[in-house]
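Database features (Swiss-Prot):
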SIGNAL    1-26  signal peptide
DOMAIN    27-58  domain 'EGF-like 1'
TOPO_DOM  27-305  topological domain 'Extracellular'
DISULFID  Cys29-Cys40  disulfide bond
DISULFID  Cys33-Cys46  disulfide bond
DISULFID  Cys48-Cys57  disulfide bond
DOMAIN    62-89  domain 'EGF-like 2'
DISULFID  Cys66-Cys71  disulfide bond
DISULFID  Cys79-Cys88  disulfide bond
DOMAIN    91-129  domain 'EGF-like 3'
DISULFID  Cys101-Cys117  disulfide bond
DOMAIN    131-172  domain 'EGF-like 4'
DISULFID  Cys142-Cys160  disulfide bond
CARBOHYD  Asn157  N-linked glycosylation site
DISULFID  Cys162-Cys171  disulfide bond
DOMAIN    174-210  domain 'EGF-like 5'
DISULFID  Cys183-Cys198  disulfide bond
DOMAIN    212-248  domain 'EGF-like 6'
DISULFID  Cys216-Cys227  disulfide bond
DISULFID  Cys221-Cys236  disulfide bond
DISULFID  Cys238-Cys247  disulfide bond
TRANSMEM  306-326  transmembrane segment
TOPO_DOM  327-382  topological domain 'Cytoplasmic'
Amino acid sequence: MPSGCRCLNLVCLLCILGATSQPARADDCSSHCDLAHGCCAPDGSCRCDPGWEGLHCERCVRMPGCQHGTCHQPWQCICHSGWAGKFCDKDEHICTSQSPCQNGGQCVYDGGGEYHCVCLPGFHGRGCERKAGPCEQAGFPCRNGGQCQDNQGFALNFTCRCLAGFMGAHCEVNVDDCLMRPCANGATCIDGINRFSCLCPEGFAGRFCTINLDDCASRPCQRGARCRDRVHDFDCLCPSGYGGKTCELVLPAPEPASVGTPQMPTSAVVVPATGPAPHSAGAGLLRISVKEVVRRQESGLGESSLVALVVFGSLTAALVLATVLLTLRAWRRGICPTGPCCYPAPHYAPARQDQECQVSMLPAGFPLSPDLPPEPGKTTAL
C-alpha cells in the first residue's frame with residue numbers, strides 16, 4: 001500500500017485511488033482520526049465509514065426518527081431516562097407531567113410510554129373528551145355512511161352529515177338522480193348511488209342519448225345514390241331508373257302511349273306532353289300523370305256530399321209538387337189562395353154558383369179580356 005494512505009477496509013478504497021508515492025506528512029491524520037471507523041485521505045482528512053459521523057468519525061448515526069435516545073452502534077435508538085418507545089417518543093411520566101385525561105378522567109400508566117384513561121360516567125374517548133350525547137344515546141342512527149354530529153356530545157340534538165347521493169334525517173333516502181329527466185330521446189334513466197345511467201333506444205348513443213347514430217356510415221345505398229340519415233333508418237335518393245330501399249332494383253323504362261289507342265287504366269288521367277304540338281294525328285306523345293289522377297279524385301264530391309245533394313233535391317221537388325197540387329185544388333173549387341178571384345155577381349149571374357173563374361197573372365187594373373174591360377175597382381188579381 002502506498003505510504004500516503006492508510007485504509008482499514010473496503011470503505012476507504014477511495015484513499016487508495018487517491019494515494020500518491022509521496023512520503024507521509026508529519027501531520028498525519030492517524031493521530032486524531034478514529035481508524036476503527038474511518039481512514040485518512042491523502043489530503044489529511046478523516047473519511048468515515050457508513051453509520052459514523054463527526055470530525056474524527058467518533059459518533060454513531062442514530063436510527064432515523066429517534067427523538068429522545070442515543071446509540072452505541074449505528075442505527076440504534078437507546079432511550080434516555082423517562083422516555084420509551086421505538087423512537088423514544090413516549091413520555092413515561094405522561095400521567096404526571098401532561099395529564100392527558102379530560103373531564104375528570106384518571107390516567108393509568110401502562111409502561112413503555114403507554115397509558116389509558118378511566119372516564120367518569122357519561123364520557124368516553126381516549127382522553128375522556130367525548131360525552132355520551134345524542135349520537136351515542138340514539139345508537140349512532142346515521143345510515144349509508146353518514147356521520148353523526150353532536151358537538152362531541154354537548155349538543156342538545158344530533159345531525160347527520162350525509163354522503164353524496166343520500167338525504168333525510170338519518171341519510172336513509174337515496175336521491176333520485178333521474179328526477180330531472182336527464183336522458184333524451186325517450187331513453188330509460190336508471191338511478192344509482194349519486195349517479196345515473198341512460199339506456200338509449202336504437203339509433204342513439206352517448207351519456208344522455210343525444211347522439212343520433214349515422215345510419216349512412218355503412219354506405220348502404222347502391223348505384224351512387226345519396227344517403228339521407230334518419231332516426232334509426234335511412235333513405236336512398238336513387239338516380240333515374242333505379243328503385244328499392246337501397247336502389248338495388250332496376251326499373252323498366254316506360255313505354256310511350258299512342259294518341260289513337262291509349263292503353264291505360266280507366267282511373268288514370270292522360271295529360272298531353274309538354275313541347276311543340278304534333279303536326280299529324282298519332283304523332284303526339286301522351287303522359288300519364290298519377291298526381292293529376294289523385295288530385296282530381298280528391299277534388300270530386302264525396303259520398304256524404306252526394307247523399308246531402310240527393311236529399312235536398314228530393315225535398316225541393318216534393319215542396320214544388322205540393323204547392324202545385326194545392327193550387328190546382330183551390331182553382332177547381334173556385335177559391336184563390338189570396339182571396340176571391342171572380343167577377344162580382346152583377347156582371348154574370350145573380351150568385352157565385354156555376355161561374356167561370358178567371359185567374360189573372362197580371363197586376364190589378366190590367367184588362368183581363370178585350371171584350372169585357374174591367375170596371376174600376378172590380379178586378380181582383382192574385
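Cβ atoms here come from the backbone N, Cα and C positions, even for glycine.
Shown in sequence order, Cys148, Cys160, Arg161, Cys162, His170, Cys171 are the residues of the chain, 6+ apart in sequence, with a C-beta less than 8 angstroms from the C-beta of Cys142 (disulfide bond).
Listed disulfide-bonded residues: Cys57, Cys183; maximum Cβ neighbour count within 10 Å falls on Cys183. Between the CA atoms of Cys33 (disulfide bond) and Cys57 (disulfide bond) there is a gap of 7 Å, rounded to the nearest whole number. Distant neighbours of the domain 'EGF-like 5' (174-210): 144, 163-167, 231-233; these residues of the same chain sit at least 6 beyond its ends, with a Cβ under 8 Å from one of its Cβ atoms. Cα spacing between Cys216 (disulfide bond) and Cys236 (disulfide bond): 9 Å, rounded to the nearest whole number. Checking each of the disulfide-bonded residues Cys40, Cys46, Cys57, Cys88, Cys198 against Cys66 (disulfide bond) by C-alpha distance, the shortest gap belongs to Cys88. Cys227 (disulfide bond) and Cys236 (disulfide bond) are 5 Å apart (CA-CA, integer value). Cys29 (disulfide bond) carries a helical DSSP state (H, G or I). Look at the disulfide-bonded residues Cys101, Cys216, Cys227, Cys236 and count other Cβ atoms within 10 Å of each Cβ; Cys216 has the fewest. Close to Cys238 (disulfide bond) in the fold, though at least 6 residues off in sequence, lie Cys221, Arg223, Ala225, Gly244, Cys247, each with a CB less than 8 Å from its CB.
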